[in-house]
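What TrEMBL records for 7-17 is compositional bias 'Basic residues'. The compositional bias 'Basic and acidic residues' annotation in TrEMBL covers 30-49. The region 'Disordered' annotation in TrEMBL covers 1-49.
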């Protein structure tokens with residue numbers, strides 16, 4: 001019972017606390033307590049141990065040692081700076097790869113492919129034929145004056161604005177029948193040409209979009225395959241760029 005009585009007798013003892021900063025030294029700030037000293041000492045010991053380890057590594061350094069950071073960094077102004085490397089992905093590819101999954105990218109690519117097919121079926125790519133140089137030769141019975149006065153539009157019986165076409169070039173009598181029947185005049189034909197050019201621009205944008213989605217899908221599929229457990233690690237043959245996915249060579253593994 002004696003130990004318990006000793007503990008009970010100490011319940012009314014005075015609590016001894018660490019002294020505060022004297023009033024005469026108040027301008028020096030708070031007086032350092034034991035817990036502050038311990039924290040400062042532990043930090044200093046950790047720094048001393050780190051320096052000791054670095055000195056040991058410097059003394060036992062292998063002069064033939066090599067690691068990749070030696071060639072991936074350089075010293076500028078006494079500081080190590082990482083070498084700038086070419087970005088493997090465009091900003092659009094990074095945004096899609098971070099926010100969308102593989103199925104979503106595949107679905108968007110399928111939608112773009114279907115829209116491209118519909119546009120190609122509607123346009124028939126006749127504008128390509130109109131942009132190629134025309135090598136048609138007209139022979140004139142007469143001298144150079146008659147050849148200089150030769151009117152191609154009058155000879156072909158069509159409107160001068162339609163001479164640049166190789167396809168869908170109606171004659172004047174056909175244009176008159178269209179106007180009489182309440183159809184399109186020359187201004188309306190120009191508007192139709194502008195609409196067709198707009199469709200070709202849309203087709204070009206969708207082709208580029210489909211190509212971008214194809215590259216993203218290939219990169220995402222390759223990243224998923226590389227995460228699978230394999231007996232041997234695949235070897236990278238070509239590094240990925242903005243225009244294509246990286247190429248890896250996989251070792252043949254027999255399946256059970």
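Note that Cβ sites are derived from N, Cα and C of the backbone, with glycine treated the same way.
Counting residues per DSSP class in helix, strand and coil order gives 6 helix, 0 strand, 5 coil for the compositional bias 'Basic residues' (7-17).
Assigned with DSSP, the residues of the region 'Disordered' (1-49) fall into helix, strand and coil as follows: 33 helix, 0 strand, 16 coil.
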